[in-house]
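Taken verbatim from TrEMBL:
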- B:12-36: transmembrane segment (TRANSMEM)
- B:69-87: transmembrane segment (TRANSMEM)
- B:94-111: transmembrane segment (TRANSMEM)
- B:117-137: transmembrane segment (TRANSMEM)
- B:149-171: transmembrane segment (TRANSMEM)
- B:202-220: transmembrane segment (TRANSMEM)
- B:241-264: transmembrane segment (TRANSMEM)
- B:276-295: transmembrane segment (TRANSMEM)
- B:302-322: transmembrane segment (TRANSMEM)
- B:328-347: transmembrane segment (TRANSMEM)
C-alpha cells in the first residue's frame, strides 16, 4: 500500500466534554474505495468521531488529512465541499414535500426542478436505488426515505460517504439492496465509513474495522477474518453474558387480541389493521418490524392510551378494550413504551416521581388520593438497587441518567410490579450491551415466573435471543405468529414486508 | 465568547434565585430610566419600594398592601394550577368580573333583608359565577379542541360589556340619581366584606387567599391530582401513559382558576370597592399572570410575589402624587419584572460559559 492510497487519515483525535472524554487519541486510515467499519457500543465515541470528520464538532487535539492535505472542516459545508458526505441515522426530511424538493432544500445552489429531477433519476438508477423525484416523502417507507438521503449525498459526488447505523430501519431484503449499492460505490473508488454495532453486517460488508471503547481505539481487525463474538468482546471489553432460559411449557392464554383495529392517532402515524394474536403465561412473543409500521400504535392500544372496542383486547377472558391505562394496570397488564424521555418517564421529574408514574396503582403509593412519598421513594430505591441503576439517588431527575440506566429504571419499574402480562417496545434501544443483557435477562426471568411477555423490537438478533414465538408488523398488519426456533433470516424478512416493493435497478 | 450550555438537571438555586435577581435588575433598569428622564432615581425607588413598608405613613399603607395582594394571590394561585399543566387561562380578568357580578347580584337580590346566610351565599355565587365563565373555554377546548388562550382572553371583553350593561341596567342603584353603578354594599351590613380586625386591611378575601395558598400547596405536593397536573405540564405523553385524562384536567384547572378569580371579584366588590361600576375591574386578572410566574407557580412563591406586586401598586400610587410620575410607571415596572424574570429563567436550565474562540 502506498501513501497515495490513503483517502482519509486521522491522527491523535481528542475531544473532551465537561466530565467525559468522548475521544482520546483516536487514529486510523481509510483507503480509497475501502468500506471501513467503526464499531463500538453506545457512548463509545463513534458519533463524536464522525461529527469531527463532518465538521460538526471541532477536535481539541489531533489532525486529519484528506488526500494528503490537512483537513479541518469548520462546518459541514466545508466538509461537503471537500468531498465528505453523511447519511444520518435520523432522517432530516420534510414529510409534506416531495423527494426533489427535499433534496433541493439541502443544496446551496439548487438547479431547476426539472433538471434536478432528471439528475435524481439518473443517479438513483445508476446505483440501484430507484426513486421517483415527485413522490411525497410522507408516503415513503423508511427504506425509501433512506434512499432519498443517500441520493442527496451521491449528487455531491462524494469521496467519503459516512453512514450512521443505516440498517436499523431496513428489512433484511432492503439491507441486501443497500449493500449492493455500497459495494458498487466502493468498487468505483468511493470510500465508506460504516458505523454500526451489528456484527454480522460488518462481517458481510466491510474491508476493515476500527473498534472504539470508552472513547479510545481498542483494536483494528479485518472483519471477514474475525468472528462476531470476538468483535463483540473487543467492543464490550469483557466476556459477554448471553441470556439463558430453561425450556418449559407455556401455560394458559393471558392476553388475546381479536381483530384489533385502530385509526392512526396522527397524520403520519400508522393505523392498526385486524391484529390477532394470543400470548400465554410463561412465553415470550417477539414482534419484529421496520420502524413506523405500527409498533408505537400497538403499544398504545395495549397500554390503554388508545382504546378500542371492548372485545378486541381480552385479558384472562375479560374484555378490556375500552379500559384506560390505570384500569389495565390494576389487572396486571403493564407496558414499557419505546421513548424513554417524555413517554415512559418525565425528564425533569425525580426518579421517585417517575416511580410513582406507573407504580401508584399496584404498589399502593396512593391512599384516598394522597401520595405516600416515603413509600414511593422506597419503591424507586428498590428499582435502583435491583437493576443496578447508576445514579446518586432517587431524587435525581430522570434526564440526568444515561440512556442505559434510565432504560433499566423504566423497565425495572414495570418488572418489579409483578405483571401478569408485560409488553415492551424497543427495550434495549440505544442501550449499552451490559444493560441490554440485564434487561433481556429480566424479561426472560419474568416469563420463567409465569408472566406473558410481548417484546416489540427492531433488533432481530434480540428477538431471536428471547422469543418463543415470532411475528412481524408491516404497515399496521401482523403476520402469522410462528415458532421462533428455526426461522431463517429470509423468512423473517418476508414477514416484515420483504423489500416493501422496492426493487433494484439492475446495474 | 459567551456560550449557553444545557445543565444536566435544572438548577434549584437559579429556580429560586431568578425572581430575586429579576427584582434587582428591574430596580436598576427602572432607576436608570428615571435618571435619563431627569428624576432622582433613588428617591423614586425609595418611594415605591421602601415608603409603603417603612416610610412615615407606613401604618396607612401597610393595610393597603394586603388589600391589593389578596385578589392577586387568589387569582394567581388558581392560574398556577393550570399553568403547571400547560392549560393557559388568560381570562381571569373576565372571571373576576363575572364573580363580582354574581356575588353582588346575589346580595342585591336579598336587599334590604338582613341575615347571616347572605354573605356565605355570596361567596358561593361568586365562585360559581367565575367557575361557569371559565367553563366556556374549558367546554370549547374539550369538545372542539379550541385554543383556551384565545377564548378565555376574548371572554374578558365580553365580561366587560356585561359589566357595563349591569351597572347601567339590572344592578343599577334605583336610589342613585341616575348615576351608573350599583348600591354600595359597604352600607349593607349582611353583604359587607368588612375587615376581620379593624385597621389591618385583613378582610375575608385575605383569609381566602391564605387558605388557597395552603390548599394549593397540599394539592400540588401531597395529592395525586396535583401530581397529575405537574406531570401533564412536564411531559404530556407520559401523563397519558400514567392514565391522566386530559379533558378532566382541563375542566378542573379552568374551573378552579375561574372559581378563585370569581371569589376575588366577589370579595373586592363586597369590600374595598363596595359597588359594581363600569370601571370596576383594574387589571388584577392580568397582573396575576405576572404574579404566578414571578412566584415560580409555587404557592408560597406566589404569596411573596403577590405582596411584591401589591407594593408596586401602592408605591406607584405614592410616587404619582409625590414625584408626579405617570400612572403607566407601575405597568412599566411590572412589565420589566416579567421580562427580566423570563430572561434570567434561562439560567435555570442553562449555564453561561466563557469560551475562547476556537481557531478554525
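Numbering starts at 1 and runs along the chain as displayed.
Placement of Cβ uses the backbone N, Cα and C atoms for every residue, glycine included.
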Among the ranges B:202-220, B:241-264, B:328-347, the one whose Cβ pairs under 8 Å to the transmembrane segment (B:12-36) are most numerous: B:328-347
Same-chain residue ranges lying at least 6 outside the transmembrane segment (B:276-295) that approach it to Cβ under 8 Å: 19, 22, 71-73, 75-77, 79-80, 83, 90-97, 100-101, 104, 156, 160, 163-164, 166-168, 171, 180-182, 261, 264-265, 268-269, 301-306, 308-309, 334, 337-338, 341-342
Residue numbers, six or more beyond the limits of the transmembrane segment (B:69-87), whose CB comes under 8 Å of its CB atoms: 96, 148, 203, 205-206, 208-209, 212-213, 216, 219-220, 228-230, 232-233, 236, 249-250, 252-254, 256-261, 263-265, 267-268, 284-285, 287-289, 291-293, 295, 297-299, 302-303, 305-307, 309-310
Leading contact stretch, B:117-137, B:149-171, B:202-220, B:241-264 vs the transmembrane segment (B:302-322) - CB distance under 8 Å: B:202-220
Stretch in B:94-111, B:149-171, B:202-220, B:241-264, B:328-347 most in contact with the transmembrane segment (B:117-137), if contact is a CB pair under 8 A: B:94-111
Chain residues in Cβ proximity to the transmembrane segment (B:241-264) (below 8 Å; excluding those fewer than six residues from its ends, i.e. six or more beyond): 70-71, 74-75, 77-79, 81-82, 85, 87, 89, 92-93, 95-96, 98-100, 102-103, 123, 126-135, 137-138, 141-142, 148, 152, 205, 208, 212, 225, 228-229, 231-232, 284-285, 288
Beyond the flanks of the transmembrane segment (B:202-220) by 6 or more, those residues with Cβ under 8 Å of it: 63, 66-67, 69-71, 73-74, 77-78, 80-81, 84, 119, 123, 193-196, 226, 229-230, 260, 263-264, 267-268, 271-272, 299-300, 302-303, 306
